[in-house]
Amino acid sequence: MRANCSSSSACPANSSEEELPVELQAHGSLALVFTVVSAVMMGLLMFSLGCSVEIRKLWSHIRRPWGIAVGLLCQFGLMPFTAYLLAISFSLKPVQAIAVLIMGCCPGGTISNIFTFWVDGDMDLSISMTTCSTVAALGMMPLCLYLYTWSWNLQQNLTIPYQNIGITLVCLTIPVAFGVYVNYRWPKQSKIILKIGAIVGGVLLLVVAVAGVVLAKGSWNSDVTLLTISFIFPLIGHITGFLLALFTHQSWQRCRTISLETGAQNIQMCITMLQLSFSAEYLVQMYSFPLAYGLFQLLDGFLIVAAYQTYKRRLKNKHRKKNPDCAEVCHKKKSTSSKETNSFLEVNEEGAVIPGPSGPVDCHRALEPPDHLTSHE
């Protein structure tokens with residue numbers, strides 16, 4: 001497969017607005033407004049999620065970055081390779097193949113932090129992975145794109161959105177840092193902020209979904225093959241990320257976290273890179289993929305959260321039937337923290353404290369698999 005963009009006016013990096021089709025101009029204006037609003041809301045959301053992060057546990061991930069290393073391997077190893085295989089297997093057009101590959105080379109998106117919270121994942125690891133993958137993207141994106149496109153004879157230079165990466169880092173680290181500080185100084189108030197943030201996160205996801213449908217309304221009539229890839233790509237990321245985390249003996253909590261981080265890509269960064277690198281003629285063919293990927297990414301996340309919460313509720317009801325006196329005990333005890341254990345986990349691995357409803361350790365243990373113990377504050 002070759003992607004030859006050497007013809008006249010084929011791939012100018014910076015096209016004028018007058019060259020853009022009217023529909024693309026409308027989408028661009030709406031996308032700008034949506035980006036500004038979502039950036040503000042995302043900053044507030046990351047602040048609230050930062051209130052669930054403890055400095056001690058965050059430092060333990062940095063000091064022993066085994067979970068972060070596995071996540072980076074999934075992000076810049078599995079995802080670009082999967083994108084390349086999908087482009088080859090489905091015999092995509094060159095411009096479409098490049099769009100799929102760019103999506104696979106993007107760092108993790110902050111939307112994964114919301115889903116991680118809802119599946120009782122390791123928030124410290126999730127935020128660390130998102131930050132580290134964004135920093136690593138400064139070097140790993142050009143490297144992965146070079147390795148996978150050198151055989152395609154791509155004569156058009158791909159522009160890496162370094163400014164967009166920097167903005168993403170600022171919007172991620174500063175609110176989280178404030179949230180960590182609030183959790184350190186005012187732990188009781190931070191729990192209230194965290195609950196409000198969870199509600200705001202749900203509203204934000206609905207806004208993103210609706211706006212995505214509006215922005216991608218013209219893409220549903222596009223190539224069915226491209227839509228199929230945008231549907232299965234995040235699913236493959238979630239599954240392979242979970243399996244690799246399981247293979248490297250990560251805890252169940254970390255497996256869920258790494259799985260969600262792997263399948264969730266930074267959609268805005270992909271769109272920015274396409275806009276900087278290709279003309280309007282090619283953008284029309286490329287624009288639909290990241291938008292469709294974002295919608296299916298949200299859908300997959302909702303399905304994972306729904307499946308986990310359903311499983312958790314069934315275990316809770318089953319435990320109540322076997323232990324009818326547990327409900328009375330639950331009102332008298334409060335758990336603070338415990339260690340997550342598993343037969344194949346690392347010895348003395350510290351279990352992450354997960355935000356959630358109060359309850360005793362004995363009652364909550366029934367909500368997890370037999371070899372998985374997690375405490376809720």
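Just so you know, glycine gets a Cβ as well, placed from its N, Cα and C.
Taken from TrEMBL, the feature compositional bias 'Basic and acidic residues' applies to 362-377. TrEMBL lists 349-377 with the feature region 'Disordered'. The feature transmembrane segment is assigned by TrEMBL to 30-53, 65-92, 98-119, 131-150, 162-184, 196-215, 227-247, 291-311.
Within the chain, the transmembrane segment (227-247) has long-range Cβ neighbours (under 8 A, six or more residues past its boundaries) at 67, 70-71, 73-74, 78-79, 82-83, 86, 90, 92, 100, 103-104, 219-220, 254-256, 258-265, 288-289, 292-293, 295-297, 300, 304.
Within the chain carrying the transmembrane segment (65-92), a Cβ under 8 angstroms from the stretch's Cβ atoms is held by residues 1, 100-101, 103-105, 107-108, 122, 125, 128-129, 132-133, 136, 140, 144, 147-148, 225-226, 228-229, 232-233, 236-237, 240-241, 244-245, 248, 250, 254, 257-258, 261-262, 265, 346, all 6 or more beyond its ends.
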